[in-house]
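Trainee: Let me begin by handing over the structure; questions about it come next.
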């Protein structure tokens, strides 16, 4: 079968590698189709993995070749020596290794000689002494060369019968000093170098053209005649040199080349003037077959020395054809199957119509076996032997080495079918050979199986809670079953975690007379009395706070405005900054325990878990928070103790964090294998046994956990590869023991596009004789999990790792057998507390939720007021708080009631494309980002709108405009110009540095214009949380700073900002503009999402519970702020527009073309030079499959250079921080560079854009490649 074809009219030589290289040189005496007289020497890698059609070395030479020879590797010549015989009588030697590496013909040249007086027609290296070279040419000249000495050659002696031309030389394969020559004299001479003379010569009726020695017998050789009238192949035994042993006929014209296979004496190949290449059995004297003919003389044919299955034939039709002895190509009839005449001729012209024809079928020696045995897939043993009649007998029988394996897999299979792992769990707990850690895992699984997740979580927190109430924990009922969550009497455990009923206190009624005489009061008290009597409550509160009368201020604030309440609240926390109770009050009053989960001492992890259970809004929220608690336990020390490990495992199991759990189990596999090998267990005698048993233990725990949590879907998520690798390996091992059905059940857990899955399924189906089932598993690249931190995956039993800022991807933290399994730092997250209820107006049903992308909320263009100071904010913090929710924007009045929210919106899932634009997981370790603690929440009020949610997608209602046009998924973000309001031009820096600052809000309207009352409000409770106490009153719930913004009654597409016009709305401007959110998609990004795709959720834990309706519109009124370049506010259709205010546009800076670097200012030039030089250093080292990532990285960095050149994006502070990043990268301090880069994104998010992912990728690639 044809393997390759080289379009060259060249002679050639193979090297001695198992996958051989081939050297070719333009043959002398041939006329090219273009009449070229040039000549070249080339080396080809026929079996290259890249399937390249180009030579690995090529160079022009002055003369053409008659022959080429390639020696075996020798001392100092790792790839041997290449010798060329030129038509001008020159012989030249080259070092092949030097040719390939340096590509320099002159540098690789070892020796060059013109000892021959005429053309050199043939040469060959001694097979037994690789440094000895034999050459022959015109004038009967024969020379022997020593490539070690590189001196003048020696002649073997005088011939008995002189020859005019030597056409072929051949060394004896058994005796190193014997060789044969043949030429135009009609004789074949046998020479002995020791005696330096011709010792024998053979003759026949026709002239000989070539000669070859028997591979193993020193006295036998074969010759061929070049006579066109009588082309013969003759075998000789020199013991009787008078006549040939065998005469073989088949060629129709003279034979030009012979080669006797070194590995099989019964195979000989020949080629000649009849354009044919034939295969012979010279021992039996019979023709075996014929290979496709060429279009001209086939002048040279040779087997590959170390790969005899391969041979090549060179012909004067300009081709070197590489073929295999065996032909496995389909028959001609199957290649051209069309019945149409025209199609037939079209196909036949491009189809290989010639095929080898074998008259005798004979296996080569290397394939012959009198008997053999082999292990078959599925624990089978196949043996082949010969019977008395020399017929092969094949036996296939099962082979079972370890009966314990069969028993183990059988029990595992039964547990899977019945979905009951209790027997396995009990057996593993009672097995004394298991380690304490492993037993602890099985005991936890047993407990989880007995009481379920809720009961399991009760047991975690019940001890601390019930001890505080003088009770003993009661996890299960008398019959051992888990009590229902809603038993009669409202005895649910989590309901009891709420506040106990407050002991009633009689209402205070003032009695008796009192004096308000201020004569004997202090000046401060006098001021307070006067303010109270003047009904100036707000001023009185401020005066009380100034006089440290906190109790009086608190009482006064009860009926004051939300701003006053917030001011008093912050004053309280400021005065009690170091008090732990105050810190807890802060978290409890805000109904947000993010601060507790993130910062409380993990030594009190059970108390933290109890708080998580009490305050979580839903199961997903609870899972994410308790998983984060597990991460903190693991990371509390560099070497976590067994107790810490078990405590973290409890949290992970309670939080459905399958990937976290599996990563711990997989990381412990090597240690478990080691303990098995050291144990006296009779079932474990080899490392292979230990590996299977440890992997089986992992699979049992994994499947038991999935059974307990009722997870029936396939595995999914961006970090499942280590688990999938382990499952695939175990399935392979189980199938190797013949358990095909069990192995296939494991494979059903894997995503359909997982690498190696299709091959393994096909192998199992073939071995079991069943058809491959159509995979119903989802693709890991076509279905994506929700984008959130440590939240519960849509797939039960699998958790999704944290969402990282920007384009940072997930990477393994340490090298393990399955990759990416070492302890990973917990990423920061922002949790979603319970959603408060609020009044709503009657609304018609909402239209069905569309699959189109929701319209992004337009940020306020009027700036934001100064927030109240935060007692817990760190000193020197930046003014920007990425986790602070934006202030609400008051909805505009509408002509008709807006549609009601009929149900929860569909969760937004991003469509994961395993994008080439994402940095691969294996490139870099993941680093956790610091996160801010939650902001305090102001007291509840029936405000017209809730705060916008920075971490949840805006909900879509039926009043929005049509879908946005398709476009790019990412756009460079630019800062939105803001105009400060009259109320907030002097916000202090200290006030802006708040991590825990309460969100800004509107006051509830106190009256309605024209005396028309608003519709009767209906109070809706938030979705029921099975883990939190029931709310006593919906009006007392605090506002939720992380809840999603309520849809406005009418939303229109944001308009393009126009210079000289200010937007106007009937309701007046919003005094509180939302802060910039660096992690939410810009309006442009959302509007340009492809149609039919929902943009990714950006909330840490997804949207807050639905079931709420929009609040009534606020009172119309207010004064427009100073005009400026603004974005058109969304407004209702019947909103009246204010007259535009003309503005003088600011002077524009010159814009330089993309790619120009000549105008980069001095302050920024360091950034450009540093990053550009680093890019050029990284690019050559990037693996081929990541080239696209590198190209995208460079493209994005060019966006940064363009911004630097135009000086139009980065502030001086941002440039200074970027310089620090560059300095850290230059110093190869990649950890510092990464942290500085994250800080840059946090502090200057509005100045990032298309270029920022390029910088992140550059740092990662530099760390991985330099």
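For all residues, glycine too, the Cβ spot is worked out from N, Cα and C.
Taken from Swiss-Prot, the feature repeat 'WD 1' covers 5-45. The repeat 'WD 2' annotation in Swiss-Prot covers 60-104. According to Swiss-Prot, the feature repeat 'WD 3' maps to 115-155. The repeat 'WD 4' feature in Swiss-Prot is assigned to 161-201. The feature repeat 'WD 5' is assigned by Swiss-Prot to 203-246. The repeat 'WD 6' annotation in Swiss-Prot covers 250-290. As annotated by Swiss-Prot, repeat 'WD 7' applies to 293-333. Residues or ranges marked as repeat 'WD 8' by Swiss-Prot: 374-397. The compositional bias 'Basic and acidic residues' annotation in Swiss-Prot covers 463-475. Annotation source Swiss-Prot lists compositional bias 'Low complexity' at 774-789, 930-948, 968-990, 1044-1057. Taken from Swiss-Prot, the feature compositional bias 'Polar residues' covers 826-838, 1000-1017, 1031-1043. The annotation compositional bias 'Pro residues' is assigned in Swiss-Prot to 883-907, 1068-1078, 1110-1125.
Have a look at these and tell me how they're positioned relative to everything else.
Mentor: In the repeat 'WD 1' (5-45), helix, strand and coil residues by DSSP number 0 helix, 19 strand, 22 coil.
Same-chain residues lying 6 or more positions outside the repeat 'WD 2' (60-104) and placing a CB less than 8 Å from one of its CB atoms are 10-16, 21, 23-30, 38-41, 43, 110-125, 127, 130-131, 133, 135, 137-138, 145, 147, 150.
Per-residue confidence over the repeat 'WD 3' (115-155) averages out at a pLDDT of 93.
Outside the repeat 'WD 4' (161-201) by six or more residues, the chain places 121-129, 132, 134-142, 144, 207-218, 221, 223, 226, 238, 241, 262 with a CB less than 8 A from a CB of the stretch.
Counting same-chain residues at least six beyond the ends of the repeat 'WD 5' (203-246), those with a Cβ under 8 angstroms from any Cβ of the stretch are 167-168, 170-175, 178, 180-188, 190, 252-265, 268, 270, 272-274, 280, 282-285.
Residues of the same chain lying 6 or more positions beyond the ends of the repeat 'WD 6' (250-290) and with a Cβ under 8 Å from any Cβ of it are 127, 173, 209-217, 222-228, 231-233, 235, 296-303, 305, 308, 311, 313, 315, 325, 356-360, 362, 364-366.
Mapped onto DSSP helix, strand and coil, the repeat 'WD 7' (293-333) counts 2 helix, 22 strand, 17 coil.
Residue counts for the repeat 'WD 8' (374-397) by DSSP state, with H, G and I taken as helix and E and B as strand, are 0 helix, 16 strand, 8 coil.
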Trainee: With a Cβ cut-off under 8 Å, give me the same-chain residues at least six positions beyond the ends of the repeat 'WD 1' (5-45) that come close to it.
Mentor: 52, 55-70, 72-73, 79-80, 82, 84, 86-87, 96, 99-100, 105, 119, 299-300, 302-307, 310, 312, 314, 316-322
